[in-house]
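What TrEMBL says about this protein:
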- 65, 81, 83, 84, 209: Mg(2+) binding site (BINDING)
Ligand code: IPD
C-alpha cells in the first residue's frame, strides 16, 4: 500500500498542532551536541508521526531525526523531521516546521512542509507541481545575484573550517543582494519553491531536513544539485544548491571559487 499527499498533509497538520500546544511553554531541553538541541516536543511530534505511519504502513522503512533508521521495505521510505528549527522553537522564535517526505523505489514522490505558526502548508507530488495550501507555487525568475535574496544554514559542527560555510557566506555577502539564515532548512527550501527566496545552498545537512524541500523546489520548476552541480544530490554527505537554473549556475560558480566540498 502507498500513501497519498492528503495522508501526509493530515498527519503533518496534527504534528503541527502538537508543536503549537507546546510553543512558548517551558521545555525540557537536551543536548545532542554542544549547540544541537532537542526538546520533549521534537519527541512528542515524532512519536505521533511514527505511530501513524507504522500502524498504516507497517512494512515501510523510515529515516527520522530523533529515532534514526527504522528498517523495512526499502521501496517505500519515509523521511521525517518532526520539528525542523528546534533552536528557534526552544527560544520561542516562530520559525519552525514539520517536514515529511515519502520516496517510492528511491525517487522522492510526496512532500509536505508545514509551518504551523502561519498555517503554511507547502506540498508537492512528483510531476504534479508544488503548492502553498491550495495555490500553485513557482520558483523565482531572478537572473542576477545582485538582485537575489539567498538563504543558507550552518552545520552544528562549526569547528571544521572546510565545512562551516563561513567563507561561502562571506563571499555571497559581496555578490548577492542579501542573505538570510532562518534556522529551518525545510522552510528555506519551501520559500525557494514559493519564489520568495531566489536560491539556497547548505552543507552538512541531513536527509530529513531536505527530502521534502528538494521535491518542492523541483516541482516548482527549480534545479537542485550537490555543491559540485551533480543531480544525484540525495546522498551522504548531504549538501545542496537549490534555485532557478540561472541563479543556480551563479551560486555554483561562487562556491567553486571557494573550492569547498564538505568533508
Ligand atoms: C537544522 C535546521 C537548520 C540547518 C541545520 C539543521 P534542526 O535542523 O534545518 O536550518 O541549518 O543544519 O540541522 O536541528 O532544527 O532539526
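Including glycine, each Cβ sits where the backbone N, Cα and C put it.
Computed from a predicted structure; not experimentally measured.
The binding-site residues considered are 65, 81, 84, 209; of these, 65 has the fewest other C-beta atoms within 10 angstroms of its C-beta. Other than 65, 81, 83, 84, 209, the residues of this chain whose Cβ falls within 8 Å of the Cβ centroid of the Mg(2+) site are, in sequence order, 42, 80, 82, 85, 86, 97, 99, 184, 185, 186, 206, 208.
All chains included, 28 other C-beta atoms sit within 10 angstroms of the C-beta of residue 83 (Mg(2+) binding site).
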